[in-house]
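Heads up: the structure comes next, in structure tokens.
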Amino acid sequence: MALAPTVKVVLGSMAFGIFWVLAVFPAVPFLPIGRTAGSLLGAILMVVFRVISPEEAYAAIDLPILGLLFGTMVVSVFLERADMFKHLGKFLSWKSRGGKDLLVRICLISAISSALFTNDTCCVVLTEFILKIARQNNLPPQPFLLALASSANIGSSMTPIGNPQNLVIAVQSNISFGKFLLGILPAMFVGIFVNAGILLMYYWKLLSNEKDVEVAVAAAADVIAEKDVNLHRFHPATMSHVTLMSSQDWSSAADSIVLCSSTNGDLGHAETLRNRITWSEADMHSGSSDKVESTMAPNPAKDLAGEHGVFTRNEDDRSARKYARSGSWMKGMKDGFSFHLSEEKEVPMERWKVLLWNGCVYLVTIGMLVSLLMGVNMSWSAITAALALIVLDFKDARPCLEKVSYSLLIFFCGMFITVDGFNKTGIPSNLWDFMEPYARIDSATGTAVLAVVILFLSNVASNVPTVLLLGARVAASAAEISPAEETKAWLVLAWVSTVAGNLSLLGSAANLIVCEQARRSQSFGYNLSFLTHLRFGFPSTIIITAIGLLLIRNY
């Protein structure tokens, strides 16, 4: 493709340069508007400078990619509500043997979860969890944060829904979900263990200084799972579980007091206690504070609960005796007892609803994955699964839809237009024409050169723009050899552009998410520096990329 007129080349390059600066450095002092606004600015400049027409700009937006991205984000929100990540967290503590074992588990869990729920979602949910486990067990957070970010990037390369660049590749190449999975699975599997091995080599002494204790890790994980991961859990009807927990705590406290009394041999005393506690529970829930004051007046009283010192019996209060003789006291006991029975019935009912809801979420998600494996349109499969979950939720979907990252969708729209305008300047085509004889996929040298180009551009221009710029050109060059080589070229592009994110802290959004989440954590803050990440990321990326290139196959 020949270069466009000089004015169009200059203006198009300026617009793309502004987009690139704001995408890579979203908080630059001279224009701190962020990535999303930066992509829109680049798109508007492409139209204003007449590099592309408004019609061409609209046509550049890839709706199937946006639909697939939206659907997977909605499904991820419902999976988070269904305690999927709580169960993943519990797996970290199951028969754990200390720091080294924990590091390997983090690598495996982050890789698998990122392949199914995107690497960004995995890092957002698990960063705080991992920081707290490290602090609870007096372990250094640095190796675990690096394990989370790097393994999430590697694992996300396995499926088309693992990261945004894979979404672009899957839609543009028309490679089926199953073929994509089988083609990269060996490279991903080996890459995860190599990555874990490199981390262990780097931090072996640091982790060896810590005592390997199974009970400590399990206890810390249980506390975190119950107190923190449960914050993502909502009741299917009311999106709240506070009332249910209060009722359970009150009932368990009552049972413990009654049990203590009954073991002392005073069964009548125990039954009186139960009635009093039940009645008081009913008053608490109904808000009838007057009854409580009338039956438990602050007059001198004899201790009714003995050593417990909680409930008292008034002997001199005539109004209380009159209230009891009138039968209202017995009526109150019956009302309280019936309320207690309804609470007893409501607790298993609520648990049953939660289990049913979680099961529906998992079944719909499995159905979506099966549809993708069967070759059904990926965008519509994801959107259908998302809408099925919204309908099954059976309430206003606004709270759920508000958790979708619409800024990311808008960023993609602006990026599609900006990259398409830059392509029309002719600069990418001419650069590829120069590199293409040295980067052909049918030779080891050509594959290595192509990998270096992808690694460089992914860290300079980010991985998604790199895929948009190189994808069609690399595929066209490989298609001249054979259709099988074309498919392999797409898989190589997916593998290298994704693993390239591990090279530096700015290489992928997942790295930045882990870094920012760790830095902003109020109780367990930790600063993961650029040089710390680079010392591990550079050798790890080169080694894992090279190994993966040898294992990628076209099935």
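The backbone N, Cα and C atoms fix where each Cβ goes, glycine too.
For reference, TrEMBL has these:
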DOMAIN    27-500  domain 'Citrate transporter-like'
TRANSMEM  7-27  transmembrane segment
TRANSMEM  33-52  transmembrane segment
TRANSMEM  59-79  transmembrane segment
TRANSMEM  181-204  transmembrane segment
TRANSMEM  354-372  transmembrane segment
TRANSMEM  378-394  transmembrane segment
TRANSMEM  406-427  transmembrane segment
TRANSMEM  447-470  transmembrane segment
TRANSMEM  490-514  transmembrane segment
TRANSMEM  534-552  transmembrane segment
> For the transmembrane segment (59-79), which partner among 354-372, 378-394, 447-470 gives the most CB pairs under 8 Å?
Replying inline: 378-394
> Relative to the transmembrane segment (181-204), which of 354-372, 406-427, 490-514 accounts for the most Cβ pairs at distances under 8 Å?
Replying inline: 490-514
> Taking pairs 6 or more apart in sequence, does the count of Cβ pairs under 8 Å between the transmembrane segment (406-427) and the transmembrane segment (447-470) hit 3 or more?
Replying inline: yes
> Between the transmembrane segment (354-372) and the transmembrane segment (7-27), do 3 or more CB pairs sit under 8 angstroms, pairs being 6 or more residues apart?
Replying inline: no
>> Under 8 Å between C-beta atoms and at least six residues away from its ends: which parts of the chain pack against the transmembrane segment (534-552)?
In response: 146, 150, 154, 183-184, 186-188, 190-191, 194-195, 198-199, 202, 447-448, 451, 455, 488, 491-492, 495-496, 499-500, 502-505, 507
> Which bits of the chain, at least 6 residues beyond where the transmembrane segment (378-394) starts or stops, bring a Cβ under 8 A of a Cβ in it?
Replying inline: 63-65, 67-68, 70-72, 74-75, 78, 160-161, 170-171, 177, 236, 357, 360-361, 364-365, 367-368, 371-372, 400
> When you scan the chain for residues with a C-beta under 8 Å from the transmembrane segment (354-372), skipping those not six or more beyond its ends, what do you find?
Replying inline: 75, 78-79, 81-84, 116, 160-161, 177, 235-236, 378, 381-382, 384-385, 388-389, 392
